[in-house]
Amino acid sequence: METVTLYAPQPAPTLLSVSVAYSDVLEHPERYYLGSDIVWMLISSALVFLMIPSLSLIYAGIGNRSFALTLFRLPLVTGAFVGLQWVFWGYALTFTRSILPASWWGGESRAFALTDVLARPIGEGDGVDGPSIPELVYVLYEGMFASFTAALVCGGTMHRVRPARFLIFISIWSLVVYDPVARWSWDPDGWSNKHGTMDFAGGTPVHIVSGTTVAAFAIFCSIERRNNFKDFVQAVKKFIKKLSKRIARPWVDIWRTLVMCVACCLGKQPEDPGSHSDEAEEEEEEEERGVPFEPYNLNYLVLGTALLWFGWAGFNGGSALGGNLRAVSAWTSTHVAACTGGTVGILVIWYSKTFAWLNEESRPEQAYDNLTVIYFCDGAIAGLVAITPASGYVPVWSAAIFGATSALFVLWLKKQSSILLREDPLQVFAVHAGGGFIGMLLTGLLASGTTIGLDGHSKMPHPEYTKGQRFGYQLLDASAGIGYTFFATLAILYFMKLVVYIFRHYFTSHHTGWWAATDFDDHYFLKDEFRATELQEWIRSSPTNDPRPSPLSQGSQPLSRQHLTPVQASPGLVQPTP
């Protein structure tokens, strides 16, 4: 008999709860922490960071060409701002013990600026699911979440926000909105966590909060643009009226069909009732949506979606806090949900094309190719968003339910929100808030104790709860996230508007000379430009028609538009948006 020599793994040792001096942990951390868990958390942190430039590609690709440069640069800059804030006070306010009882912010002085944050255990025994890892690793990983959430909000800046002012807004927003919501969802002292709400990787703190922030941003800009709150209220009432008609339309169509069939049986040829009104409503809706802009570069969108999909492995898999079977289950569920969501998106657009749900006169045949790509990316991202709160709680087979349900709901919500939230052209609210909301609700119905225990440490929170009770607490957490984020964001925006007004009034009323002669708000108060110029070709004028010397012969002097003549862009380039 042939024999071989191999190195067989030894059985894993039994984990014991021990109490040791913190100084001993600092001197010999290898005795108390598994290197594989630390390595996996470092890789997951890097993957989450990769999701930020992925957003840059997605926003720049799907956005208007005139603002592509801003949308491309701003997410990374925003992530850096919030990452620095996280180091100085964000972590301390979110994940340390509070000084006052039932406080929404922590307050341990050792965690501010990470002055005494290194090897204390975070994990089992500390009220957090998963194996124990060093606190500094946990700080790094959760800091990537804070930066990514802030980067998501950048999708609401197109058309109306200067980057410098937005960075001030996002710094305040991270302190007032993200930190308390993340605390109540993930920290052991959070009210939602104490009630057993299940949010594995950020359904409420990341996606619902970012999407609702963009919605509040859009409503604020809509009110400011119209300069009349009553106009916005009328728009909301009109939207609700149209939404109710759309909900009742299938039943009206059934009734209309029955009436026409009865009339035909009686030998009459009645005109289709209500068809003219439907056409008028559709035309009115198109006017309210405004003129749609062409996406800048769909290749950016596809590449950004692929990188985002790849980074989500660390986003959900890393939330298991170690390299264990629960992390494998979370990443597998994430992949299945994304595949299902993207497939459903393609099937929806194919079904729409086949049965002519889209207006063929206004959308030529070749437009379906672009729509197929956009619907696929929207469906895939919707599946990723929906599975985020559930990936570590539900079995893998149920991930397809999350992907299909979220894709259908998000695609429907995008169509509805395009009327009310015209200042959210990238529809961040529909994709992230809508997908996160569906994911939170389905988590309460499909959570499995077997999946939760795959890491060998975690258990089902409040096992005495029924599915109805879990669903209720999931709904409460998601609704609280929407309500608090919406009103807190509006409060921040109006506070900043008040500050700008005070500065402008002070410097124009109490100063003379240079201050009084300048437009303080438009020219000197935090003005910044990341905006791309119009896409045009500029060529040098003919020497026979222009007696001035050629700009190319002026040495190192820069070219001036005085010497240049604009010409129409070539047919192969994207035409400028009016």
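Each residue, glycine too, has its Cβ placed from N, Cα and C.
So that you can see what the record holds, here are the features copied from TrEMBL:
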- 38-62: transmembrane segment (TRANSMEM)
- 39-230: domain 'Ammonium transporter AmtB-like' (DOMAIN)
- 74-92: transmembrane segment (TRANSMEM)
- 136-154: transmembrane segment (TRANSMEM)
- 166-186: transmembrane segment (TRANSMEM)
- 206-223: transmembrane segment (TRANSMEM)
- 270-290: region 'Disordered' (REGION)
- 279-288: compositional bias 'Acidic residues' (COMPBIAS)
- 288-501: domain 'Ammonium transporter AmtB-like' (DOMAIN)
- 298-315: transmembrane segment (TRANSMEM)
- 327-351: transmembrane segment (TRANSMEM)
- 372-390: transmembrane segment (TRANSMEM)
- 396-413: transmembrane segment (TRANSMEM)
- 425-447: transmembrane segment (TRANSMEM)
- 482-503: transmembrane segment (TRANSMEM)
- 540-578: region 'Disordered' (REGION)
- 551-562: compositional bias 'Low complexity' (COMPBIAS)
Interface check, the transmembrane segment (425-447) with the transmembrane segment (372-390), three or more C-beta pairs under 8 A: yes
Model confidence over the domain 'Ammonium transporter AmtB-like' (288-501) (mean pLDDT, whole number): 87
For the transmembrane segment (396-413), distant same-chain residues with Cβ under 8 A (at least six beyond the ends): 329, 332-334, 336-345, 348, 375, 378-379, 382-383, 385-387, 390, 430-431, 434-435, 438-439, 442, 446
Remote residues contacting the transmembrane segment (298-315) - C-beta distance under 8 A, at least 6 residues beyond either end: 43-51, 53-62, 145, 148, 201-202, 331, 334, 338, 370, 373-374, 377, 380-381, 384, 388
Remote residues contacting the transmembrane segment (482-503) - C-beta distance under 8 A, at least 6 residues beyond either end: 165, 168-169, 172-173, 176-177, 180-181, 208-209, 212-213, 215-217, 219-220, 433, 437, 520-521, 525
